[in-house]
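Remarks on the structure that follows.
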């Protein structure tokens, strides 16, 4: 039986716990790979640039292959997809522990592990959206906080493992730890919602269905002698292409804004510590800035999710998201003038909080735009769009530092990129509101009364538009005819 709506609890909290563990095993482990850099450099005798490609390939592969994870989740099952991803990621880490060159690490630790993470990440996040509606932002806040909490816990543990068992032993143990993704996959019990199979009237109300096809569908149902049945028949999404949401104007705007947002947020995590060292901050204090950013990121995940679930803010989550992105952009603009540890601490607090805030709202925003039934596919595309900026922006920022001799240009470009992302969403929403107001003013008092006439068993509509009374009349008329 199909549920009328998400249960907002029950087994849903186990789904949140599973997604929490998935973010630890994917995003937190990816961040901790940077701890191996010094070991890789010393062992293979390579420079920082070549060694840094390992982290870039893992991150890029995770986001680039996200649609593949959604595809397997939709056509096979979420459980199978996450378990398969866990096996691939674990295999990549274990093979990486036997590496004899950086190229070996590129393929094993980079491509194979990144592919495994991709099969787990977006399906697990999409599953949370299927189980929650009223408390969706809070559920996502808890689930996504696994990235910050995992980094905070795993970073010292990985360093200890390297000291005790060398980098090979540490990668081997991490490979065993990542196998917990298979346990997370087993928790992802599938759920069938009424929204996954919409009725014809509900389908015709979708904005992204072309108007000509709406008219054809209406005429088809009006002219059918079985009109009494059509409001109850399912017009499944499987009759439409799985990625038709790509044509939705709202999703197009969101996709473009995600590109600029991803470009702006990535370099700061790479260059915050080098920038702090360049302005005279000690190594210990520079590392502490990253710790602050990670811990406050967790607080932003949970508290902002809880706040945007409150009745006063729930209807304004769209503006809460663009406000959080815009605030991070402003933080980047002010960063070049913050040249001491006491000034950089408030920056880490502010940037970390709003970074956690908008990361929590990305799945919520996507669900609001495309609906719950298409969330898995849409999230795959959204995270796919992160891949190119994640791969390109750190090298571009580094090139600007080498060219100009300072970090100012890099941080300004990041700040303006995130502000543009926020402004784009704001203008799109204002344009949509103006268009709606204009249409209402044009059609406010000019609605035409539909004229219905029948010829035996077949009913026809002059305007191909039915109001509620006309539908009831046709249903009664057809019913009486069928009983003759």
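In case you wondered, yes, glycine gets a Cβ from its N, Cα and C as well.
The annotation domain 'Major facilitator superfamily (MFS) profile' is assigned in TrEMBL to 11-433.
If you look at the transmembrane segment (12-40), the same-chain residues 6 or more away from its ends with a CB under 8 A from one of its CBs are 6, 46, 48, 51-52, 54-55, 58-59, 62, 82, 86, 89, 102, 105, 109, 117, 120-121, 124-125, 127-128, 131-132, 139, 142-151, 153-155, 158-159, 162, 166-167, 170-171, 174, 177-178, 180-181, 183-185, 187-189. Marked as transmembrane segment by TrEMBL: 12-40 (among others).
If you look up TrEMBL, you'll see 52-73 (among others) marked as transmembrane segment.
The transmembrane segment annotation in TrEMBL covers 80-99 (among others).
For 105-126 (among others), the entry in TrEMBL reads transmembrane segment.
TrEMBL lists 138-162 (among others) with the feature transmembrane segment. If one looks beyond the transmembrane segment (138-162) by at least 6 residues along the same chain, the residues whose Cβ comes under 8 Å of a Cβ in the stretch are 12, 16, 19-25, 27-29, 31-32, 35-36, 39, 124-125, 128-129, 131-132, 169-170, 173-174, 291, 294-295, 297-298, 301-306, 309, 356, 359-361, 363-364.
Look at TrEMBL and you will find 168-188 (among others) tagged as transmembrane segment. Within the chain, the transmembrane segment (168-188) has long-range Cβ neighbours (under 8 A, six or more residues past its boundaries) at 14-15, 17-19, 21-22, 25-26, 29, 32, 36, 78-83, 85-87, 89-94, 96-98, 109, 113, 116, 120, 123-124, 127, 158, 161-162.
Annotation comment: TrEMBL describes 251-274 (among others) as transmembrane segment.
Per TrEMBL, the feature transmembrane segment maps to 286-307 (among others).
Among the features that TrEMBL reports, transmembrane segment is placed at 319-338 (among others). Residues of the same chain lying 6 or more positions beyond the ends of the transmembrane segment (319-338) and with a Cβ under 8 Å from any Cβ of it are 257, 261, 264-265, 268, 275, 304, 307-308, 313, 344, 347, 350-351, 354-355, 357-358, 361-362, 364-365, 406-408, 411-412, 414-419, 421-423, 425-426, 429.
Taken from TrEMBL, the feature transmembrane segment applies to 344-362 (among others).
Per TrEMBL, the feature transmembrane segment maps to 369-388 (among others). The list of residues near the transmembrane segment (369-388) in space but at least 6 beyond its ends in sequence, with Cβ under 8 angstroms from a Cβ of it, reads 6, 59-71, 73-74, 78, 121-123, 125-127, 129-130, 133, 193, 195-196, 198, 237, 242-243, 245-246, 248, 250-251, 254-255, 258-259, 262, 362-363.
Look at TrEMBL and you will find 408-431 (among others) tagged as transmembrane segment.
When each of 80-99, 105-126, 286-307, 344-362, 408-431 is scored by its Cβ pairs under 8 Å to the transmembrane segment (52-73), the top-ranked stretch turns out to be 105-126.
Among the recorded stretches 80-99, 105-126, 251-274, 344-362, the one sharing the largest number of Cβ pairs closer than 8 Å with the transmembrane segment (408-431) is 251-274.
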